[in-house]
Amino acid sequence: MTFAATILTLYPEMFPGPLGVSLAGRALAEGKWSCDPVQIRDFATDRHRSVDDTPAGGGAGMVMRADVLARAVDHALETRPDSPLLAMTPRGAPLTQARVRQLAAGPGVTILCGRFEGIDERLFEARPIEPVSIGDYILSGGEMGALVLLDACIRLLPGVMGAPDSGDEESFESGLLEYPHYTRPAEWEGRTIPEVLRSGDHARIEAWRNAMAETDTRLRRPDLWERHEGARAQSPSGARRQKKER
């Protein structure tokens, strides 16, 4: 099954962009996924192909019009009714690895890329759109966010990564950051690879990696650590452990 990516955008020339090279590019050439950028202006009805207007209530910038976007969205929903419809916006829910896995397991995605000051809120009220954010910062438009989302999905498609399990231990897959990595040379600028990684003892190596993943997450991403600890406490084994400690 081909993972179908439809992107509603004012800049279709941005796609596939960087997704046309490396793993994603090879997967595109092999038909593992398809890229269909759709020009939003094609759904405008005036001779200027207008897609935006001044914000109600005043203020700076322009707002993307609900009527024009709705025609583009409806076209996408008719074309790919089984694909979830996402909108890249800083007002959306943070994109997580868990959500990426859900999307990658489906038939594809349709992504609406916002521009200017944002999208008329009535569009979200009238259409089944999932607002998604890739972080707490502002970009020039949703296209870069769409590329990020698609890359995260594409690399999880069957046959895209070299080893089938190469993504299983990456950051966020277990709710933690990934453990540190090392490779040759064994010594560099006076710094050596940790002895445990050169021991050949797989049980010790796994224990070290788990411990480092927990330590790094606790120090670098206390928000993730708190979430991880909360989930562990609610699990059956965690509940038994807490009861025993009491």
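Including glycine, each Cβ sits where the backbone N, Cα and C put it.
Per Swiss-Prot, the features are as follows:
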- GLY114, ILE134, GLY135, ASP136, TYR137, ILE138, LEU139: S-adenosyl-L-methionine binding site (BINDING)
- 219-231: compositional bias 'Basic and acidic residues' (COMPBIAS)
- 219-246: region 'Disordered' (REGION)
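Shown on the structure are the features that Swiss-Prot records.
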{"residue": "GLY114", "record": "S-adenosyl-L-methionine binding site", "Cβ neighbours (10 Å)": "26"}
{"residue": "ILE134", "record": "S-adenosyl-L-methionine binding site", "Cβ neighbours (10 Å)": "19"}
{"residue": "GLY135", "record": "S-adenosyl-L-methionine binding site", "Cβ neighbours (10 Å)": "11"}
{"residue": "ASP136", "record": "S-adenosyl-L-methionine binding site", "Cβ neighbours (10 Å)": "7"}
{"residue": "TYR137", "record": "S-adenosyl-L-methionine binding site", "Cβ neighbours (10 Å)": "7"}
{"residue": "ILE138", "record": "S-adenosyl-L-methionine binding site", "Cβ neighbours (10 Å)": "6"}
{"residue": "LEU139", "record": "S-adenosyl-L-methionine binding site", "Cβ neighbours (10 Å)": "15"}
Helix, strand and coil counts within the compositional bias 'Basic and acidic residues' (219-231) (DSSP): 12 helix, 0 strand, 1 coil
Three-state secondary structure, GLY135 (S-adenosyl-L-methionine binding site) (per DSSP): coil
